[in-house]
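Participant: The following block contains the structure, expressed as structure tokens.
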Amino acid sequence: MACALDSYIAAVYEHSVILSEDTKIPVSPEDALMLMNKNMDVLEGAIKAAALQGAHIIVTPEDGIYGWVFTRETIYPYLEDIPDPQVNWIPCTDPDRFAPAPVQERLSCMARSNAIYVVANIGDKKPCNSSDPKCPSDGHYQYNTDVVFDSEGKLVARYHKYNLFVTETQFDYPKEPEFVTFNTTFGKFGIFTCADILFHDPAVVLVSKLQVDTVLFPTAWMNTLPLLSASQFHSAWAMGMGVNFLSANTRNSSLDTTGSGIYAPNGPRAFHYNTETENGHLLVAELSSHPRLSPTYPIAVNWSSYATSIKRFSPDDRNFSGVIYFDKFTFTELTKPEGNRTVCQKDLCCHLSYRMVEKQEDEVYVLGAFDGLHVVEGEYYLQICTLLKCKSTDLKTCGQPVATAHTSFDTFSLSGTFGTSYIFPEVLLTGVQLAPGEFQVLSDGRLINQNGTSKPVLSVTLFGRWYEKDPPHPQQAFP
């Protein structure tokens with residue numbers, strides 16, 4: 001039996017995917033495999049490089065092998081029948097045991113020949129018949145699927161994405177959410193995909209109930225500033241949930257996808273955000289195998305303790321409305337270089353104490369609150385407190401995407417009267433950069449900085465997900 005490790009080397013690869021010229025026209029299985037092999041050639045290079053740096057596991061992106069914008073018919077030649085991992089199968093050494101599976105065979109061989117766990121996103125197909133009332137008319141289910149091969153090339157995990165993005169009409173929902181975990185000598189792992197992170201199942205269950213140490217996260221994440229850029233939200237989620245998080249994104253400028261990282265509960269270990277070039281990028285960093293046992297593991301937080309214990313800082317006579325990613329926030333402007341502000345919406349009051357180094361005349365900052373149901377590209381309840389820079393001095397631009405700032409803060413303290421305990425703390429600096437080690441969360445729910453930031457501030461946010469109030473999953477809502 002291999003001995004347990006206290007730490008391990010993690011790798012993620014941000015991949016600039018080679019895309020099919022026209023995904024609306026069906027291709028032969030041979031042509032589909034030819035395209036997938038081009039992408040796997042690139043991934044194989046990254047896997048070898050990660051293994052040479054001692055990595056135990058590498059995560060590659062969602063859609064990283066076949067691409068995107070398919071129809072149900074045109075994705076089909078790219079799919080393979082992926083068996084349940086309980087069959088105890090190494091495709092590399094036994095490729096003919098099941099239906100033809102050249103992609104699984106090649107991924108298995110990459111893992112085996114480099115002695116590294118390989119995480120990849122491919123498509124699964126499963127036959128069904130008329131005795132199943134939900135069986136699609138073409139006689140099979142199609143799933144957006146993550147697979148994990150261990151360092152011997154054995155298939156150890158298969159996960160079907162449960163929270164499909166609105167554009168993923170080529171795929172089916174699994175009938176129930178899958179809670180996929182596997183154990184290694186360097187910790188317990190869970191896996192889910194992209195939009196799954198925004199919902200309770202399976203994401204919260206894996207961490208809170210099944211107590212995984214590390215989450216594996218293939219994604220094709222389109223950045224939506226100011227609150228949902230990839231590295232910003234994924235780092236915050238790792239901190240809020242108290243778990244290691246390995247996020248591998250695609251790189252595509254037309255979709256504004258970039259932002260990959262290796263995140264620990266107390267901050268990012270490595271991250272990459274690049275809008276300048278189309279290159280792929282490998283990240284490698286060390287993580288604690290069991291972060292909950294680490295002396296640096298974050299303290300328990302009562303997220304509403306401080307905010308509910310104080311009175312409002314300021315009247316709401318100067319409040320105004322603005323929109324962040326389709327959500328109607330209530331804002332109040334920070335008119336002075338320092339002060340205390342409160343803004344409320346419904347049951348949520350957000351309190352901010354701050355001092356700017358020097359207030360720039362051509363930059364406007366606001367404190368915003370949102371308490372309600374987000375209804376675009378999925379439905380879920382949010383409670384958000386955010387300090388953010390407006391796009392211009394016109395207050396109508398507050399909440400619009402902005403990537404640069406010139407105003408630095410000496411101190412800030414942000415808190416809110418949250419009704420949920422699932423809060424993700426974000427601090428984003430100019431150039432869409434994270435601020436590791438430059439802020440802390442106190443046990444009474446305050447996100448604070450007392451020594452200034454290394455760069456000017458884009459946003460400081462407590463992003464709350466009120467899972468308990470969510471409407472049912474689309475799959476469960478069907479008759």
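We count from 1, first residue shown onward.
Including glycine, each Cβ sits where the backbone N, Cα and C put it.
As annotated in TrEMBL:
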type: DOMAIN; residues: 13-289; note: domain 'CN hydrolase'
type: ACT_SITE; residues: E62; note: active site, proton acceptor
type: ACT_SITE; residues: K161; note: active site, proton donor
type: ACT_SITE; residues: C194; note: active site, nucleophile
Participant: Only counting partners 6 or more residues apart, tell me which same-chain residues put their Cβ under 8 Å from the Cβ of E62 (active site, proton acceptor).
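Facilitator: Expected: N121, N144, D146, T193, C194, P218, T219, A220, T250.
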Participant: Sequence gap of 6 or more, Cβ distance under 8 Å: name the residues on the same chain that satisfy this around K161 (active site, proton donor), in order along the sequence.
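Facilitator: In sequence order, Y143, N144, T145, D146, E168, F171, P174, F192, T193, C194, A195, D196 meet the Cβ cut-off.
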Participant: I'd like to know the mean pLDDT over the domain 'CN hydrolase' (13-289).
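Facilitator: Overall, the domain 'CN hydrolase' (13-289) comes to a mean pLDDT of 97.
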